[in-house]
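Let me begin by presenting the structure, written as structure tokens, before commenting on it.
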Amino acid sequence: MLDLKFVRTNPEVVKEALKKRNSNVSLDAFLEQEEERRKLLFEVESLKAKRNTVSEEVGRRKKHGEDAEQLILEMREVGQKVKNLEDKLGEIEQSMEAVLYEIPNIPHESVPVGADEEANVEVRTWGTPRSFDFEPLAHYEIGEKLDILDFARAGKVTGARFTFYKGLGAKLERALISFMLDRHSAKGYVEVLPPYMVHRNSMIGTGQLPKFEEDAFKVAGTDYFLIPTAEVPVTNMYREEILEAEQLPIHHCAYSACFRAEAGSAGRDTRGLIRQHQFNKVELVKFAFPENSYEELESLTRDAESILQELELPYRVMALSTGDLGFTSAKTYDLEVWLPSFNTYREISSCSNFEDFQARRANIRFRRAPKAKPEFLHTLNGSGLAIGRTVSAILENYQEADGRVRVPKALQPYLGVEYIG
């Protein structure tokens, strides 16, 4: 969330950021409450000063044997007024905090300004989409023909947007997880295997709640949520902590299953692995000094790109516009892999710098020196990569005319075969 003091002193900056994001959050009610809060605070402080003066007078009178009963009654009345005003002040501050939780992050100055994804800017491309001398199939058709993906039985067992991986399909998924974790660990990321359930405060800390609760799977009768991404537990590992400067930067990689309701995606990508309720992903999470966080974003993005390059999958990097930026992000690069069945690029990773937005919500701070005042650090994360979408890209880009799928060279040591099928 944003700094309350910043919002109070820079309302026009925040309003402009909300406008660029096409956000429907109104700051007017917040500012009206801020004005009322200031008035109440002044009144409370004035009454407290009066109470202190009366208290001193009561003490003086008692010391000299004078009657102080009327002053004592007056002091009690003042005390009750203070309590009532402080209760009202607490309600207003609670309401203001609720509004703060609804205000998205302020886009970095380098983010392209635009209404939606049409305003996203291509930063670079890598590789050349393959030309086929036959009609390429979609990944779900390939998976079903090779009997390595079973959508029908998963639908019978659970429902839509679930999949059984079978045989070499399951091994391909597992190989990709190991391959990605190995590559990221070799670059200094410390591997974490996180819990798949977190409580409400953790979801609030990374920004999924309260705004996106309809997209989350909640465990009935508990305060637990199934994680939508490893970002949530890994970021919250350091919630309510003050780190020392020598601990930074912290780089983690984490494999997890991810669970998403996809409430706003009815009718979109209903077939295949692109949009599932449950999917696997390797996540990259960073905790950085504020002054270095944009360098960290560039290196994180390159680390995610390196996986696609080793797998020899064509992709492009897109800088998201202000209108397409995620709620918590100050700047995001999307990596989009080429999928022949769509004849276009599709997102396979989002790499974001949240600056201190998540750190404020989760209260993650650091000290530059042993006795220095704690500061909020910057958090970053990115997919490195989404496994199901990587499987989709491999099946489609490496399919052969005879129905087999060639295994990328980088994965052959993990899978032990050159072809699937």
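Each Cβ is built from the backbone N, Cα and C atoms, and glycine gets one as well.
Per Swiss-Prot, these features apply:
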BINDING   T229, A230, E231, E283, S383  L-serine binding site
BINDING   R260, A261, E262, E347, I348, S349, S350  ATP binding site
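On the structure: features taken from Swiss-Prot.
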residue: E231; record: L-serine binding site; contacts (Cβ under 8 Å, 6+ apart): T206, E283, V285, N381
residue: R260; record: ATP binding site; contacts (Cβ under 8 Å, 6+ apart): D215, A216, F217, P228, Q276, H277
residue: A261; record: ATP binding site; contacts (Cβ under 8 Å, 6+ apart): E214, D215, A216, F217, H277
residue: E262; record: ATP binding site; contacts (Cβ under 8 Å, 6+ apart): R161, D215, R275, H277
residue: E347; record: ATP binding site; contacts (Cβ under 8 Å, 6+ apart): D334, L335, E336, R389
residue: I348; record: ATP binding site; contacts (Cβ under 8 Å, 6+ apart): L308, Y315, L335, E336, V337, S383, L385, A386, R389, T390, A393
residue: S349; record: ATP binding site; contacts (Cβ under 8 Å, 6+ apart): A304, D334, L335, G382, S383, G384, L385, A386
residue: S350; record: ATP binding site; contacts (Cβ under 8 Å, 6+ apart): G326, T332, Y333, D334, L335, G382, S383
Exercise for review: Using the structure shown, find which entry in T229, S383 (the binding-site residues) has the sparsest Cβ neighbourhood within 10 Å.
Suggested key: T229
Check your understanding: Rounded to a whole number, what is the top Cα to Cα distance in Å among the residues the record ties to ATP, namely R260, A261, E262, E347, I348, S349, S350?
Key -> 19
Check your understanding: Where does T229 (L-serine binding site) sit by DSSP, helix, strand or coil?
Key -> coil
Revision key, fill the gap. DSSP, reduced to three states, assigns S383 (L-serine binding site) to strand
**Study point:** Environment of T229, A230, E231, E283, S383, the listed L-serine site - residues of the same chain whose CB lies within 8 A of the CB centroid
**Key:** V232, V234, A254, S256, C258, K281, V282, L284, V285, N381, G382
**Study point:** Which of A230, E283, all binding-site residues, has a Cβ with the fewest other Cβ atoms inside 10 Å
**Key:** A230
